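Q: One structure coming up, written as structure tokens, with questions to follow.
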Amino acid sequence: MANIDEILYSIAAFICALFVLEWGADKFIDHTAILAKRTGLPEALIALLTAGAEWEELAVVIFSLARGRPQLAYGNVIGSAIANVLGAFSLGLLFYKTDGEDLVFDRSSRLYTAVQLAVTGVVAVLLFLQERLNLRIAGAVLITAFVVYVISIFWAIRRGLVAAPEGSDSDSDSDGGSDGSSENHEVSHPDGSLAAHSTTRNYGTLHEPVVEALQDREPSISSNSDNERLLFPDKSARRKSLLYHLGYLMAGFVALTLSAYVLSHAATTLVTALGINEAVFGLVILSIATTLPEKLIATVSGLRGYSGIMVANTVGSNIFLLTLCLGVIWVSAGNQTSQPSPTFGILELGTMVLSSVAMYLAVGIGGRVARVLGGVMLVAYCAFVVAEIMT
């Protein structure tokens, strides 16, 4: 019989670790971006490494592998890729504020979703055939694909072929008159607070503290709001030393590392005590828990009318998961015989591919059809979760 005290303790540790994990990821990302900007790295590269990166997921994967639980890592990656589309992007579509206008996605958003669909299709085929593959080589290919993806998107942004997701200010750079105009909008913070700010330049896809990195050369804006000072720091805030940001970066890294260890340990204890299949636990419970920030970002960005944030958040996260995270799993677990790789069936792989197809159609068609597809996707995700639990 399962030890009730051990189960309750593991559940409590799991929940607490989630909060610390997200705090650590936010601090690590935000202050890495600030340091990168202060040291002269390109803004587009900062956007790519912060807006859609899933560093907390990678930490969970690494510690699951370190504990000899590759199936938990597998399930988390595949489940999170499905949850990002069906459970998060669908909420953004349903709550999108149109103000009487049709929901329309720009050319860059359509290109991003096409890239995600292609990556998802290729990875699904590899997962289906993984028993016949040399997993170390396949993992190395996926990691290389992630590096190529980052370089190619950065190159495309520099060449003007695509726009940096909601963060490009090329129009204002080319048109002097547009720099002088501004509109007031409200920005939602992760804690639910709102702050008005000027959109002289729009860095909508990034976490608010990351805007500090991208706004170092912007004129300061006087305001009595603490939230506005976070978005557009005044001169005293900008004088914070590199050591200050390095300290927060290290604190975030330590929190990220320790919480990922606790999370993977608690998950392992729960699946052992309750007799739950590790892959299913990762596909359902762990993936739902670790994608809560994506659901929040999608919902808030939909309410604020930021379609680009919705797309960048989902596409960036999924490409990160299906290339870098899955690549790390295959490279690390390729020669393990005691813990065989789980064989994903039509339900998991089909849901993953069809969810990307649905997202591609929603972004390509837009309008009311996109909202209807959002409802269908959310219902499909609920059905997927029930099916995984029942089977």
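Cβ coordinates are placed from backbone N, Cα and C, and glycine is handled just like the others.
Under the heading transmembrane segment, TrEMBL lists 7-25, 45-66, 73-96, 111-130, 137-157, 242-263, 270-289, 309-331, 343-363, 369-390. Summarising the annotation, TrEMBL assigns domain 'Sodium/calcium exchanger membrane region' to 10-154, 246-388. The annotation region 'Disordered' is assigned in TrEMBL to 165-195.
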Q: Is it the case that the transmembrane segment (369-390) and the transmembrane segment (73-96) have 3 or more CB pairs under 8 Å, with pairs at least 6 apart in sequence?
A: yes
Q: Counting Cβ pairs under 8 Å that sit 6 or more residues apart, are there three or more between the transmembrane segment (309-331) and the transmembrane segment (7-25)?
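A: Per Cβ check, the transmembrane segment (309-331) does not touch the transmembrane segment (7-25).
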Q: Please work out the helix, strand and coil residue numbers for the domain 'Sodium/calcium exchanger membrane region' (246-388) from the DSSP assignment.
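A: Helix, strand, coil within the domain 'Sodium/calcium exchanger membrane region' (246-388): 123 helix, 0 strand, 20 coil.
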Q: If you run through the domain 'Sodium/calcium exchanger membrane region' (10-154) with DSSP, how many residues end up as helix, strand and coil?
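A: Counts, helix then strand then coil: 119 helix, 0 strand, 26 coil.
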